[in-house]
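Peer 1: TrEMBL feature annotations, pasted as is:
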- 1-189: domain 'Protein kinase' (DOMAIN)
- 209-470: domain 'Protein kinase' (DOMAIN)
- K235: ATP binding site (BINDING)
- 491-617: coiled coil (COILED)
- 781-813: repeat 'ANK' (REPEAT)
- 843-875: repeat 'ANK' (REPEAT)
- 874-906: repeat 'ANK' (REPEAT)
- 905-932: repeat 'ANK' (REPEAT)
- 1052-1084: repeat 'ANK' (REPEAT)
Amino acid sequence: YYGDLKEFIAKYRKNRKSIPREVILSILKQLVDALAYIHDPTKADVNGNALPGIIHRDLKPTNMLISEDGDRVVIADFGLCKDAQHDGITFAGSPPYMAPEAFIHRKTGRASDIWAFGVIIYELATLELPSFSQHWEPEKAKEFFVDEWKPDLSAVKDEFIRTILEKIFVLDTEERPTAGDLANLFQTLSTSAAAPPEVSIFTLSELDRCKVQLLGRGAFGKVYAIKDHPNLALKEIYLSGQPDRLVEITKFELEALSRFSHPGVLKYHQVLANGDFLYIIMDRYYGDLKEFIAKYRKNRKSIPREVILSILKQLVDALAYIHDPTKADVNGNALPGIIHRDLKPTNMLISEDGDRVVIADFGLCKDAQHDGITFAGSPPYMAPEAFIHRKTGRASDIWAFGVIIYELATLELPSFSQHWEPEKAKEFFVDEWKPDLSPVKDEFIREVLEKIFILDPAKRPKAKELASLLQASDTSGDKQQVQGTVLETKCMSLETALKDANVRISALERERNIMSVEIDVLKKELEMKSIKIDALEKQFTRITEALEEKTRQLKAEMDQQREEVERWQKELDEALKAANEEIASLRKELTTKSTRVDALKQQLADAINKSDKLYQLVLMKDSSWTPLMCAAFLGDIETAKQHLSDKDKKNSDGDTALMIAARREHENIVELLDPTDWNGVTALMRATDRNDVKAVKALIPFQTKRKADYIKINKLEMYEGTALMVAAVCGNTEVVRLLVEHERDMRDSEGWTALMHAVACGHADCARLLVGKEVGMQDEDGKTALMLAAENNRVDCVKLLLEKESGIQKSNGAISLIMAAARGHAKCTKLLLKKEAGMQNKNGLTALMVAAQKGHTECIKLLLEKEGGMQDVKKQTALMKAANSGHIRCIKLLLENEARMKDEDGRTALAHAARAGHREATELLMEHEKDVTGWTMLMCAAALGDVEMVSQHVTEKGQRDKQSQTALILAAWNRRDEAVRLLMEQEGGTSGWTRLIYGAYLGNVSIVIDNLYEKGQKDIAGMTALMWAALIGHKDCTKLLIDYEGGMQDADGWTALMVATYSNKLDCVRLLVKREKDIKSTHEWNGFLPGTTALDIAESYDRKEIISILSK
């Protein structure tokens, strides 16, 4: 390489010119990609051998080399690097680029490299170092980098770069982005982009924290709400299992779509990649066109003509933009034409006020320049060529748009919109085929559809032509004007074709000019290289001559050195003689000193003999001192052993021998008088337990920071506890004050701190001393001190910690408010409500749901206003939780806010109460949700399994609810066997239940054998006898029926194996796996998409044994 980044920056600084933004971003993208690779602990070499993750520890411009043309930059000089798996105590690097933790703690890690990278970004952006980049002494660094410190970035004018630096320059190393996070951020930003992003920029770790409520699922992923960003949504796309080529195309097209800018196309603000997942930040809308049409269909009202035309104009303008291959982004960079391939009402989002509609969900999109052999889309909206030839193009999108127009005009799909098999499609769509448009009453819309529904894709109008046609129409539907517009559209089509041809010609000319320039550049490069070769030859000649001269000089120097060696040899002989004489003198001196040592030994023995007299002198001075105290004072362990019976006595100052020994730092005497036991409990811990402040003060110098394997205090057992924790448990405030600076931040075996112990035991005064030292820490499960206070109803401690620890979540997403509500602690709930209302754990549970589940009415009253109507990940509400538990008072409180809501399975609170067998709750909910479910009293009784009630309402037999289920089917799904036996006689025929299905449900092998002639029949829910046996888990019946009904599917394409997996019947899964393993569902059911397999179902419920069976 021909220079380094320091020289590169210096050149711009000297000329007083800023480095161009695109150059800065190009350099940073290369460096951060390299840094991510260096840090990665999972990388391998070309042979597949594992390579370690490395921390560079000396990132700075002089260690970054740059190519002669300035286009390539690399990281070099790994002299200080170390294994990234092990952060270590060390001091390494160049001070201006070193992170605060390197000065304060002598510690470096990946995050330290990120800080250095941030300083380099600042230097590239401003040509200066930040004011805080200097060589800090540890104490000065501690004073400067305090918790509230924020970097001064006013000199950085580029908003995007300033945003990146704000994320990097944070003191907590855990909160700095990783190199991978930064690489993703830079990848989403085009180097030519002149304007900063309009919305917040997210890192992967921030997305993980901000991702909250699941808004919906699509064919290729899930959509979530983003915390504190109500106008944005996050789409998560899972790429695993997709062909590599499809993955690469998807990434390329998403990058292009993020640069699309049209009011009718859903805006993609940011695209991030992480392993098998892609994450898209996009605008959020509050419904789709399918829901919009369904609302009119439900009310049996036609959509107003002006509303239809408004929607169609917006959609066709957007479709024309998407198809256009000549469009460009805001900077003039070319954007590809895209075929959507899955246009349908659910992929068209509509604003809350209904005035704005956009096209979304480009999961199946492809380059519009290349029609391809493929099968993609939703069958009712797919063009004939997709079924017959497996081929899609722009014209296929136009056909789908026509189906949507028809659906808006009639509220129904056309009769020819269905899932065609290729042969059936060929037979139906013959040359003379014409669509039946008689249900379309509007003449203008019917004429538009006649132009669209043409079998030859080439003859269908382009999106631009349709846009012009719709733009010219007014709400009065003037036919003459429309016909005139048609002619204008044809002219415009010809003009567009001519324009496209001219564009292609211009493009070819530009390409020819570019190639000509490239040829000239190559010629110049060849000339330059020839000149360099001549220069190198001359340089080689000069070097050869210089080497010959150097050889002559070396020979002369060696002759001179030989003479010097001979002189040194002579001097060495003289020195050796002098050394021998000195050794003889030293031996004589040693003999004299040995005599002196013997005399000193004798004096020491005499002093020991006089020790008894010394004791007597001390006793005469203070008669309260025992011989044991004197021995402890002097460190005389042998005498101390003789007087151990006096160890509990105190002198006139109130001191024991133990305290005297501790102050004199005679640790051996301390251990003799109060030994550390086999559990590791020290004298300091015992003094703490009995609140002996004087003893604690004496023992602090040499018994702090120790942990006992096991301690039992006040019936509380503790493992790996400290003296400070003992003081916190006992509530010994003064001892806590003495020990806090010595043992703060230490944890026991469960990760608890002294603050957590103080809070759990309700010692608010101790907690007040500890809160400034240990606040914000979490135990092994992620619990904080605030959570423990909420759990144990410590109101004073909750007040103390509320501002400092509210909002923190456990590893399972739980918060303090949920814990308080779960235990019915109303006062704590009221305090925490101000900070944590509306937060959910990873399963979507709120505090209101937990309170309802547990039956805590006072907490429900407090939480209802803030959390009423919220749903968990299964779309269950607090009312459903209360119904499932049978809490009548809770149900009454929640009815007004949450009655009539449904979960992901379509069940209301009524169904939950009935399924759980709570009669009183079921009868109460029937009054409020009967019309939602369509249940009769007979169905209610059947779901409850109340045989007496079934008998009372048997006159209602034969009716179906809104899910087309009879009372018999409801009783069977809820395993109410007695009700099933009674209803079989009344509703067997109505429900489609044969004797074979009845026997399979009961698990009666004899009935199954006697009625095998009924094999293959389905009930009204599409269930076979085999499916019922597998659902309930009747292994023997399942084994009998496999050969007769194995492989059959219900109305949604579910098999007996899927049903057995869903209900976790392991034995039945083993029997069915060979026959039904690879079958896929055909329709969505209970949140499972079409194409679902039994393995998908097992993985969604994390049923490891079944996953193992199905994966073989």
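Any Cβ shown, glycine's included, is placed from N, Cα and C.
All TrEMBL annotations are machine predictions without curation.
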Peer 1: What does the DSSP secondary structure composition of the repeat 'ANK' (874-906) look like, as residue counts for helix, strand and coil?
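Peer 2: Counting residues by DSSP class gives 19 helix, 0 strand, 14 coil.
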Peer 1: Same chain, outside the repeat 'ANK' (843-875) by at least 6, Cβ under 8 Å from its Cβ: which residues?
Peer 2: 213-214, 812-813, 815, 817-818, 820-826, 829-830, 832-833, 836-837, 881-882, 884-885, 887, 889-890, 893-894, 897-898, 901-905
Peer 1: DSSP says what for the repeat 'ANK' (1052-1084): how many helix, strand, coil residues?
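Peer 2: Per-class counts: 18 helix, 0 strand, 15 coil.
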Peer 1: Per DSSP, what is the helix/strand/coil residue tally across the repeat 'ANK' (781-813)?
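Peer 2: Taking each residue of the repeat 'ANK' (781-813) in turn, the totals are 18 helix, 0 strand, 15 coil.
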Peer 1: Give me the mean pLDDT over the repeat 'ANK' (1052-1084), rounded to a whole number.
Peer 2: 93
